[in-house]
Amino acid sequence: MELNMKKFTVRRFFSVYLRKKSRSKSSSLSRLEEEGVVKEIDISHHVKEGFEKADPSQFELLKVLGQGSYGKVFLVRKVKGSDAGQLYAMKVLKKATLKVRDRVRSKMERDILAEVNHPFIVKLHYAFQTEGKLYLILDFLRGGDLFTRLSKEVMFTEEDVKFYLAELALALDHLHGLGIIYRDLKPENILLDEEGHIKITDFGLSKEAIDHDKRAYSFCGTIEYMAPEVVNRRGHTQSADWWSFGVLMFEMLTGSLPFQGKDRKETMALILKAKLGMPQFLSTEAQSLLRALFKRNPCNRLGAGIDGVEEIKRHPFFITIDWNKLYRKEIKPPFKPAVGRPEDTFHFDPEFTARTPTDSPGVPPSANAHHLFRGFSFVASSLVQEPSQQDPHKATVHPIVQQLHGNNIHFTDGYEIKEDIGVGSYSVCKRCVHKATDAEYAVKIIDKSKRDPSEEIEILLRYGQHPNIITLKDVYDDGKSVYLVMELMRGGELLDRILRQRCFSEREASDVLCTITKTMDYLHSQGVVHRDLKPSNILYMDESGNPESIRICDFGFAKQLRAENGLLMTPCYTANFVAPEVLKRQGYDAACDIWSLGILLYTMLAGFTPFANGPDDTPEDILARIGSGKYALSGGNWDSISDAAKVLGIEPRTSCVLSTWSTPSSASPVSALFDPLQQDVVSKMLHVDPHQRLTAVQVLKHPWVVNREYLSQNQLSRQDVHLVKGAMAATYFALNRTPQAPRLEPVLSSSLAQRRGMKRLTSTRL
């Protein structure tokens, strides 16, 4: 399709706030405001021929994401057009309540967003107006904003800060290349996508430098983040953004602002004259970068030189950043927001999301006000090439209620509870039916007095999109119990199906192990350990029996790797920021997951469990057998398995020593009985030393898994189903009899977090 595109640039933006060039230090703010005038500059539309303009009727309101004095931000779903079903954030501004100055800002935001196309800047998809309102249709970033994360975690590690600042530097450099000064850099305006990458938003205070020397004179932004030259109103350039960049860096590293007084006047005085107190716990490189950014003479500030952002990129603080990979989003973010389904809003203020989303028509403004917004409409060019992949007619489940924040919606309002599926020590699982759709689910009801479900919820939201991890649908909290609504596992437990299956072969056992191990490799690579990987927590989604329908369930004992300040950590950052004993514990827990897989594999192949003879065995007897460390790898099924395994160069074994619950002596019987290079996959997964045990990656690379097409497909014999299941349950009951760890207060209980979370800093324009 041939496209007819009219030229549009920010340099032809609709209106600008002009200042008289003659200014004196003694001029009052009110005088400055009186001197301002609005100038009309017409612009053309940016619409691809053949693609319809948008209007409010094309969007279904789902939730309120935020609200200010001039309008609201909604979560919306497009219901018409090629992108029907796509979710967006819709910013709605009432013309009648906007001052002329604010109308200019709204139009300026639309102009800037229309021209900018960058991976770390929020994208404008549509812009349109009605008689009374202006509409901006933007990316919906499910991860919330950086302010929310900073409020919860107080401060970040230097590796976290390095990542966010690096992406931010690329975004600012792109804006500066277009001649745009951002001028309102703060955590509230930095959003996170579902993977954890940043996007900057809110361009209402941004502007193109319009003076002959490329300076702007408006007193605007958030006071605490303003550069000295903005405060003293002598004119500022893009260098002002690099000062704000330094303020943001300082706040993320320390949890506090570098210049903050008891009121606006004192804060401004500190920005102009106060000496920066540099925290000594920061690295030498971090301190050096901060000092280079906090230069009161903007000409001396890092990033203001002829090389621009290259000066910042060359600084030793960023020496580990591969800037090309960063731009392509090939560097993994340090934090992945806990997101569930596409329309979930866990990271937005429940004060707003709990409100009913309504968009009133709006009071018509004065006659010339509509003229002021001439040329406001916009349709993103990419929408022609990028139709939505989502099915607009796909039924959606009732939106997840904001857990742990308090609400007036009860679980029984949306679901009907049916029979029990399973009962545990601190929870019960029941079948339930969604009243609106008649869809069946499983609901896990957790007693909050016995267990804090926060970690389990967060892990399921963050990693439940994996095809072999159970998906969390809804969350309810009535104060006493938390209700986790999840997929209904119609295929039953893994062990049930295997033991009742008429023909279950060594080849099928390898397929099952491969699927589960891939899932555990994914979790371990994210710093997550399951810690309760018993067969009853591995279920089939349906009756097909295909390994692809396997789901890992029950993350009640699961843990995420965290730094000492409670911050979530990914493995690439652990070496420098996690105490050795924490890393040791994390590695041990991961090894225990592999040990559990070894128990499962042994049972699938042998037809009985290695350490329990039946459900009547006492915990003491089972632990004693585990302590003795001997289990059979010969006789029965093992003879035929060993013959088949020889094809892969694996020799049969007669016994192996195991004790994951005590430290083995240096003279381990394993080394005496076997050549480590010839051990089969079972003995390697059940190795006495957790540090020598196979990792998930090594299991997947083991010949028994890689070459499983050569394995025997002969039926394996097995013991009675109830006997095997009872023995397995007795084994895990014995192993899990350990005292509970002390319960810690959440990070939000700290005084620093409470102080930071008192209020959001607001932007100022005088």
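Just so it is clear, glycine is given a Cβ too, placed from its N, Cα and C backbone atoms.
Automatic, uncurated: that is what TrEMBL annotation is.
Annotation source TrEMBL lists active site, proton acceptor at ASP184, ASP532. For 65-73, LYS91, 421-429, LYS444, the entry in TrEMBL reads ATP binding site. According to TrEMBL, the domain 'Protein kinase' annotation covers 59-318, 415-705. Annotation source TrEMBL lists domain 'AGC-kinase C-terminal' at 319-388.
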### Task
To the nearest whole angstrom, state the Cα distance for the pair GLY71 (ATP binding site) and ASP184 (active site, proton acceptor).
19
### Query
Which of these recorded positions is closest to ASP532 (active site, proton acceptor) if you go by CA atoms: LYS91, ASP184, VAL423?
VAL423
### Query
Which of ASP184, ASP532 (the active-site residues) has the most other Cβ atoms within 10 Å?
ASP184
### Query
Which of LEU65, VAL423, CYS429 (the binding-site residues) has the most other Cβ atoms within 10 Å?
LEU65
### Query
Out of LYS91, TYR426, which has the highest number of nearby Cβ atoms, where nearby means within 10 Å of its Cβ, if these are the binding-site residues?
LYS91
### Query
At the Cα level, what's the spacing in Å between VAL423 (ATP binding site) and ASP184 (active site, proton acceptor), rounded?
53
#### Entry: Local Cβ density at GLY71 (ATP binding site) - other Cβ atoms counted within 10 Å
23
#### Entry: Overall pLDDT for the domain 'Protein kinase' (59-318), taken as the rounded mean
79
